[in-house]
Structure formats: structure tokens, C-alpha cells
Amino acid sequence: MVSLSDLQVRSLGACTVDSPLALYVEGRTTNEYYVGETDRILYDDTLELIASRGVPLAELPTFESGGPRQKIFFDPATTKVGVVTCGGLCPGLNDVIRAIVLELNTHYGVRDVVGFQHGYAGLIESNGHDVVELTPDFVSRISERGGTILGSSRGAQDPSAIVDRLVELDIDILMVIGGDGSMRGAHNIGAEIAARGLSIGVVGVPKTIDNDIPHIGQSFGFSTAFAKAAESIKAARVEVEAAVGGVGIVKVMGRHAGFIACYAALANHDADFVLIPEVGFSLDGDNGLLALLERRVAERGSAVIVLAEGAGQDLIPASDRRDASGNAVLGDIAGFLREQISKDFANRNQPLTMRYFNPGYAIRSVPADASDSVYCARLAQTAVHAAMAGRTDMVVGRRRHRFVHVPIPFVTSGSHSVSPDGDLWLSVLESTAQPFSMC
Ligand SMILES: Nc1ncnc2c1ncn2[C@@H]1O[C@H](COP(=O)(O)OP(=O)(O)O)[C@@H](O)[C@H]1O
Ligand SMILES: O=P(O)(O)OC[C@H]1O[C@](O)(COP(=O)(O)O)[C@@H](O)[C@@H]1O
């Protein structure tokens, strides 16, 4: 088993760059390691993860740098590429589709690009969805619109039927824009392709508005989404300040991760309490939400609660419902809090004006902002370079300002969430109310 300190010793010169294990520090302050021979990059957290699984150093999986290759695998003149978007919406989907098409056309001369409609369902012939021809003209202005021009869906689809369709349509590369579920699907499709001995590449561009995919840094569209969420928090602040005993609840998406709630709360200073799935909280007691809220409203006249949808699930009856893809359907924490707060204020004879905001779909359906738009384009370009070079069963991501190739199993196992001891959460606590949810 290798420890991080072993690697650090090696990185300081114990190995030469000719050794397959050779590591040297590329930038000592960033804690990233560049494997000279393979043009691969390692990071502390990856090394720790791998070391904790007891993987021998020689077998360390590493992240290959993204970018164009001198040798490509597919002949652009005969290559046909399919694009699909799956799962929930996210700002920037159309930017990614656009940039994939333009990169394939402009830099590689690939003219045959098609889109499958409504997620993996569009790859099942019997569902009867037409295939859309994606030309540079067709995609040139699509990034001005939110959502995805291809449509999306949830729900299990048979990888074998999908590969049948890819073969039937002569697809050489399938580009999947989707979240962890989509990438599990992409991995299964890749396995079916490998089992049949076919040369069809499957390359992913990871998508999640919740920003909870591990190993890829910030996901595209997230920054647009939390900026939009911040607008609702501001609106809630205006409303509650005008009311007598104003309490605002702004529910944002975030099934398992509270990044949208935290970043939106930090973007301006209108939130008093931020509730996220990663940090439990209680309603009752001196340090419980109800007492803190009552004090806040008594002192300042109003309060705004930013609530990630996955927060406080232990306080309400568990639901055994699942969505079409098998994701657990969350209990209605916002409804529960509204009820409890109303009862509590009534019991204390304290005036209350409740304002409830649920901007979830409004947040994720907007077009990407300028920064996300550029990020989407760069991710898409990296994905095209990887795909044309014959890479498969991988996604692209940006880590520490660098575009890399990440094997799909890395992004479908583990999770990325707000660390209760980390800088982000501590900043939220400093800028909002008491650390009640740490109890
Ligand atoms: N565990 C899984 N194995 C294979 N395919 C899956 C799995 N989960 C989801 N999928 C496929 O990925 C698609 C999108 O998954 P979903 O969980 O809804 O969204 P996301 O990709 O955003 O996580 C679904 O339509 C389904 O076909
Ligand atoms: O109503 P839908 O489409 O099922 O989406 C709701 C869910 O989608 C999300 O935005 C995440 O979607 P993905 O898992 O597809 O990325 C969650 O935050 C939210 O719970």
C-alpha cells in the first residue's frame, strides 16, 4: 500500500522521469503531480483515494491531460458522431452541443453529426424518436436558449438495444452529456460495445446542476444556476422586510449536496439561515431552528432561510418512492418547515408573514452566462479531441485549471459534497446566522 508521503518523497527526486512510476512536482504549492512518461496528472485526493483502496503504486490510475493529439483514431471523412443529453436540465447544455458540432466540423472536418432526442430513450428504435441532423448552421444560435434542443429523459434503457441502434446508424462515437446516472448508462453501453468487439467510442461531458460529481471540479452551468438562485434570495429579502414578522423560505435544488444553497447565500448577504443535506439540524431546543428563527425575527424584524431540497430529510417520514431512473424522491422538507414555523409562531403569539419561493426549475432552465458558456465550449472541445483520438469510457473535466480525461468509474463512485469543516461552509456560517445546524 502506498501512502501519500511515499509519493511526496518520490516526487522530490527519488525517481527519474524514465521510471514508469516517476513523479515530479509540477507546481509544489498546488499538490499536483505530473507523471512524466505518460503525460498524466495526479492530485492528492486521488492518491489518497487510491491508497485507501490498497491499490499498488504501479497500478495507480491517473488523469490524462485533455487536448488535441497528433495521431487520431477515427478518419474524419467517414466518421459519424451521435450526441445525447440525459437527466435533469442544466444551464449550458446547448452550448456543449453547439461546441461539439462546431469543433468536429471546423477542426476535424467531421460532417456527419446527429442528435438523439429525449435522452437514452431516443436511442431505442422502438420508441420512434427521429434522429436530428446537427449541422453548424442548425446549432449556431442554440446557446441563446436554455434547456437542450435535443430534449432529455430519465428511465432505464437496455444497453444492448442502444448498441444495436448505434450499429444500425453506423455511429462511431457517442457523446453523452449527462449526470452520474447517464454516465453509469454510458459505462454499460461501453461494456456492451467492448463485449461485441466494436470500435465505437463513448465519451461523456458530465452535467449536474447540483455540482456533486466527484473529480471534475465545478460542473458547467453551476455558476449560472447559483447566480439565478441568488436573485430569488434577494427577492425573498425584499418581501420579508416589507412584511410584519416576515419569514422567507427559498428552496433550491440539491438532492445530496448543498452547493447551490451555499454559493447563492454567499453571493449576496440576504440569507439568515442555510440548510443543506450535509449538515443535520434540529427544530427544537435552545439552539434549534425554531428558537433561532424566533430570536432573529424579534431582533431584526425578518429572516430568510435558504433550503436545499435534500436538507433535514431525517426530520420527515422517509419516502420509498423513486423517479424513473431509480433516484430516491425526496420528502417535502419545505412544506414541513412552513407548517412547523407557522405553528410555532402561533403558539408564541408572534406575528408571522410567510413567503415561500421555489425557484428550482426557473434556476436550471436559463441559458448559461458568459463564463459558463466559455467553459461549456472548452469542455466540449476537450471531449471531441479525446473522442477523435479513440478514447472511450471516459468523461472530460477541469481540475485546478487543467482539462483532463477521467475514467467513468471515477465519476460514478463516491460523491462530491460540501464539507462541514471546509472553507465554504464556514464562510456561509460567518455570513449568515449561528452555527445551529452543527448541533
Ligand atoms: N444505474 C444506472 N445504470 C445504467 N443507466 C442508468 C443508471 N441510472 C440512470 N441511467 C440512465 O441514465 C439516464 C439519466 O439518469 P438520471 O439519474 O435520470 O440523470 P443524471 O444522468 O442526470 O444523473 C437514465 O435515462 C437512464 O437510462
Ligand atoms: O424534476 P426532475 O427533473 O426529476 O429533477 C429534479 C432533480 O434534478 C436535479 O436538479 C438533479 O438532476 P440530475 O440528477 O439529473 O443532475 C436535482 O437537484 C433535483 O432533485
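Positions of Cβ are set from backbone N, Cα and C atoms, glycine also.
Feature annotation from TrEMBL assigns active site, proton acceptor to Asp210. Annotated ATP binding site per TrEMBL: Gly88, Arg154, Gly155, Gly179, Asp180, Gly181, Ser182, in sequence order. Among the features that TrEMBL reports, Mg(2+) binding site is placed at Asp180. Residues annotated as substrate binding site in TrEMBL: Thr208, Ile209, Asp210, Met253, Gly254, Arg255, Glu309, Tyr361, Ala362, Ile363, Arg364. Summarising the annotation, TrEMBL assigns domain 'Phosphofructokinase' to 80-386. Feature annotation from TrEMBL assigns site 'Important for substrate specificity' to Gly181.
Distribution of TrEMBL features across the structure.
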residue: Gly88; record: ATP binding site; DSSP class: coil
residue: Gly179; record: ATP binding site; DSSP class: coil
residue: Thr208; record: substrate binding site; DSSP class: coil
residue: Gly254; record: substrate binding site; DSSP class: coil
residue: Glu309; record: substrate binding site; DSSP class: coil
residue: Ala362; record: substrate binding site; DSSP class: helix
In whole Å, how far is Thr208 (substrate binding site) from Gly179 (ATP binding site) when you measure between their Cα atoms?
5
Using CB atoms and a 10 A radius, I'd like the single residue among the binding-site residues Gly88, Gly155, Gly179, Gly181, Gly254 with the highest neighbour count.
Gly254
Which of the binding-site residues Thr208, Glu309, Ala362, Arg364 has its Cα nearest to the Cα of Asp180 (ATP binding site)?
Thr208
Just the binding-site residues from Gly155, Asp180, Ser182, Ala362 whose C-beta lies under 6 Å from any atom of ligand 2, please, or none if there are none.
none
For the domain 'Phosphofructokinase' (80-386), what's the model's average pLDDT?
96
Residue from Gly88, Arg154, Gly181, Ser182, Asp210 whose C-alpha is spatially nearest that of Gly254 (substrate binding site), among the recorded positions:
Asp210
At the level of the C-alpha atoms, what whole-angstrom distance separates Ser182 (ATP binding site) and Ala362 (substrate binding site)?
23
Integer Cα-Cα distance in angstrom, Gly88 (ATP binding site) to Thr208 (substrate binding site):
8
Which entry in the list of recorded positions, Asp180, Asp210, Glu309, has its Cβ near the fewest other Cβ atoms, using 10 Å as the limit?
Asp180
